[in-house]
Amino acid sequence: MEKYIMSLDQGTTSSRCIIFNKKGEVVSVAQKEFTQIYPKAGWVEHDPLEIWGKQAGVAGEALNIARISPEQIAGIGITNQRETTVVWNKRTGMPIYNAIVWQCRRTAGYCDELREKGLDKTIKEKTGLMLDAYFSATKIKWILDNVEGARELAEKGDLLFGNIDTWLIWNMTKGKIHVTDYTNASRTMLFNIHELKWDEELLEILDIPKSMLPEVKPSSCVYGETDEILFGVSIPISGDAGDQQAALFGQTCFNAGMAKNTYGTGCFLLMNTGEKAVDSKNGLLTTIAVGIDGKVEYALEGSIFIGGAVIQWLRDELRMVKTAQETEKYATEVEDNNGVYLVPAFVGIGAPYWDSYARGTILGLTRGAKKEHIIRAALESMAYQTHDVLKAMEEDSGIELKALKVDGGACQNNFLMQFQSDILGVEVDRPEVVETTALGAAYLAGLAVGYWKDRNEISQNWAISRSFAPAMEDEKKEKLIKGWHKAVTKAMDWEDKE
């Protein structure tokens with residue numbers, strides 16, 4: 001009887017289930033979107049019960065599509081939108097509030113208060129993260145302080161916290177297992193990434209009872225088994241990692257200096273730094289890449305707020321293109337950018353600049369500038385931003401980038417990938433299987449149950465669909481990068497500070 005691995009990929013807008021075979025190929029996919037809740041400006045929530053319902057639904061659907069029985073699943077891997085926070089009553093199993101999503105800014109004011117007390121340095125040293133409303137810690141505190149009776153229940157030991165991975169595992173095991181992995185724990189702003197444990201001092205500062213927190217385990221191990229009510233049989237739950245870390249693993253970035261970029265709405269860059277937690281001097285995050293083989297490995301992470309979203313903007317707001325795919329055709333119809341630069345700082349600019357007062361700009365316009373030049377400049381902006389983050393990573397880690405592995409929607413744009421390679425001066429590799437996030441979770445699950453022997457076997461699965469080699473002269477490259485940095489300087493500090 002042929003065996004498979006099931007991957008549950010719980011994202012920000014949809015719940016998916018992908019089933020993989022031994023070669024790491026996709027056998028079936030099922031997906032359901034769920035509701036985005038916006039109670040106030042800047043607030044974002046999800047319904048945890050809806051997420052669990054949809055996730056269980058797509059798991060059954062993926063089995064049906066693949067025409068395989070639950071007995072053929074050797075293990076289940078979970079990957080999830082990181083930082084999103086669920087608090088529930090362990091006696092009833094019911095959430096006491098909606099899940100507060102990573103994008104939600106409601107606790108920004110409280111983060112400012114902590115910053116005024118000088119706690120940002122403590123938090124960075126212990127967790128590797130910047131003090132920000134993005135991470136789970138202040139979201140948990142908000143629920144405890146604002147939901148009636150929450151604090152009393154927490155003090156009594158009746159409340160549990162989890163990111164989405166923890167919430168799914170708890171439901172899949174009918175409340176038997178309250179667990180997370182090192183990668184997800186490292187995104188809570190409560191986990192000491194050097195000592196590998198929940199940090200007592202941070203829990204005290206934020207007034208969060210330790211009894212709420214899940215046990216932290218490796219990213220690849222058997223956490224427990226699914227309750228039989230779910231599939232009719234018990235299946236080991238054996239892999240767990242946050243989405244970006246899962247993608248790094250799925251791209252087989254197993255050695256220090258290997259990096260991947262996910263070109264989504266935003267771009268997420270992670271570089272493996274091995275067993276060394278590199279402290280960033282350039283505004284990058286230090287995070288746990290994976291917990292496996294009795295140790296943890298670390299990564300540097302840089303986020304680009306506006307990646308593929310700049311193409312959506314060209315399509316929906318400026319109506320320059322009908323589909324994202326058309327951008328490649330327009331970009332190649334002109335020889336160069338004609339001196340035009342587009343800095344997509346619509347919501348400020350992220351790593352390594354970190355200026356929330358920057359705003360979007362189009363610079364270098366002359367009478368000869370056409371729509372094609374603006375479209376080309378928009379695509380190029382993704383490559384320039386990626387270049388800036390990777391240079392910061394090289395500087396912090398002291399490791400020179402050899403090649404960049406890519407995934408996400410915009411990696412299908414051949415013009416962008418070639419330009420990315422030219423600007424970086426290294427090879428850009430697009431894999432055959434671009435479902436790298438789900439694949440990473442599947443690999444972690446499969447390793448724990450012996451479906452794959454080791455990372456060497458997995459590395460052999462990784463196949464290049466297309467490789468892009470740098471073909472631009474150094475002088476031209478330096479001139480373009482200089483122009484980009486000049487454009488970024490003009491975009492910065494634009495919005496008036498209140």
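Cβ coordinates come from backbone N, Cα and C, glycine included.
Marked as ATP binding site by Swiss-Prot on the basis of sequence analysis: THR12, THR13, SER14, THR265, GLY308, GLN312, GLY409. The C-beta environment of GLY409 (ATP binding site), restricted to residues of the same chain at least 6 apart in sequence and closer than 8 Å, consists of TYR263, GLY264, GLY308, ALA324.
The Cβ neighbour count for TYR134 (sn-glycerol 3-phosphate binding site), using a 10 Å radius over every protein chain in view, is 22. Taken from Swiss-Prot, the feature sn-glycerol 3-phosphate binding site covers THR12, ARG82, GLU83, TYR134, ASP243.
Close to ARG16 (ADP binding site) in the fold, though at least 6 residues off in sequence, lie LEU8, ASP9, GLN10, VAL29, ALA30, GLN31, LYS32, VAL58, ALA438, each with a CB less than 8 Å from its CB. Under the heading ADP binding site, Swiss-Prot lists THR12, ARG16, THR265, GLY308, GLY409, ASN413.
Feature annotation from Swiss-Prot assigns glycerol binding site to ARG82, GLU83, TYR134, ASP243, GLN244. Annotation note: ASP243 (sn-glycerol 3-phosphate binding site) sits in a helical segment as assigned by DSSP. Cβ-based neighbour count (10 Å, all protein chains) for ASP243 (sn-glycerol 3-phosphate binding site) stands at 27.
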From binding-site residues THR13, SER14, GLN244, GLN312, the one whose Cα lies nearest ARG82 (sn-glycerol 3-phosphate binding site): GLN244
THR265 (ATP binding site) versus binding-site residues GLU83, TYR134, ASN413 - nearest by Cα: ASN413
Collapsed DSSP category at GLU83 (sn-glycerol 3-phosphate binding site): coil
Pairwise Cα distance for THR12 (ATP binding site)/ASP243 (sn-glycerol 3-phosphate binding site) [Å, integer]: 10
C-beta crowding around ASN413 (ADP binding site), within 10 angstroms: 21
Top Cα neighbour of ASN413 (ADP binding site) in the set of binding-site residues THR13, TYR134, GLN312: GLN312
